[in-house]
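Structure first, commentary second.
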């Protein structure tokens with residue numbers, strides 16, 4: 001039996017156990033995926049216990065994606081750029097850290113044939129999720145990113161001449177190719193919220209919302225009614241889990257299996 005888990009603060013509503021246990025079944029792995037709720041002062045002890053108990057892999061969620069980094073033996077390039085780790089792999093008693101949110105966002109783009117090279121994107125929000133999105137866009141040839149936040153502030157992922165900071169009051173005339181919501185506005189239960197109005201949405205061709213509950217946010221519904229290409233966050237959620245599993249199992253998962261997983265979890269939310 002192999003053991004895996006999720007480290008965080010409040011985990012009772014997490015879909016991670018269901019996703020990974022479904023993957024274990026499909027891959028015929030005798031695995032168990034547990035939830036590890038921990039207070040910040042005990043995080044170091046928990047990380048050390050991963051080695052002692054030979055837990056093969058863990059995911060990390062808020063608020064510990066930055067805090068775990070000091071306990072790791074290796075951190076991948078994308079995780080260093082983003083400044084956060086959400087996947088840890090134990091091998092030869094060493095802990096390896098990765099950021100699979102980066103790959104999960106790439107899954108949305110690839111599955112929906114959204115081209116980013118030489119295009120213009122606007123990213124709404126400047127929190128932890130935005131860092132993974134911005135890093136992926138920069139690494140894959142985006143021409144320009146407008147980074148929109150209520151308060152203009154930089155982080156390690158933002159030191160690139162292709163990024164221009166804007167407040168919400170400054171974006172009404174900006175036109176581009178891809179509009180990406182990384183804020184929680186529109187998330188269940190406040191499903192009538194939207195980060196921007198129809199006039200701004202109509203200035204873009206494709207909309208991505210990394211929220212997965214509800215499946216189609218008001219932000220996406222407005223875009224859909226204007227005949228925009230719209231993509232919700234369930235593919236990012238499942239995509240980052242698939243990448244974590246590929247790291248732990250040291251293999252690439254079959255495309256038929258992964259597409260089946262998207263279908264299963266698309267029906268989790270209305």
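The backbone N, Cα and C atoms fix where each Cβ goes, glycine too.
Bear in mind that the values here come from a model prediction, so they are computed numbers and not experimental data.
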77, 125, 126, 127, 128, 129, 210 bind NADP(+) according to Swiss-Prot; which of 186, 232, 233 goes with them?
233
Given Swiss-Prot annotates 14, 15, 16, 61, 101, 212 as shikimate-binding, which of 42, 86, 119, 227 belongs to that site as well?
86
Excluding 14, 15, 16, 61, 86, 101, 212, please set out which residues of the same chain place their CB within 8 Å of the center of the CB atoms of the shikimate site, keeping sequence order.
6, 59, 237, 240, 241
Cβ-based isolation winner (fewest other Cβ atoms within 10 Å) among the binding-site residues 125, 127:
127
Quick one: pull the CA-CA distance for residue 101 (shikimate binding site) versus residue 129 (NADP(+) binding site), whole Å only.
8
If we count other C-beta atoms within 10 Å, could you say which of the binding-site residues 14, 77, 129 has the fewest?
77
Sort the recorded positions 65, 128, 129 by C-alpha distance from residue 212 (shikimate binding site) and give me just the closest.
129
Give me the count of other Cβ atoms within 10 A of the Cβ belonging to residue 86 (shikimate binding site).
28
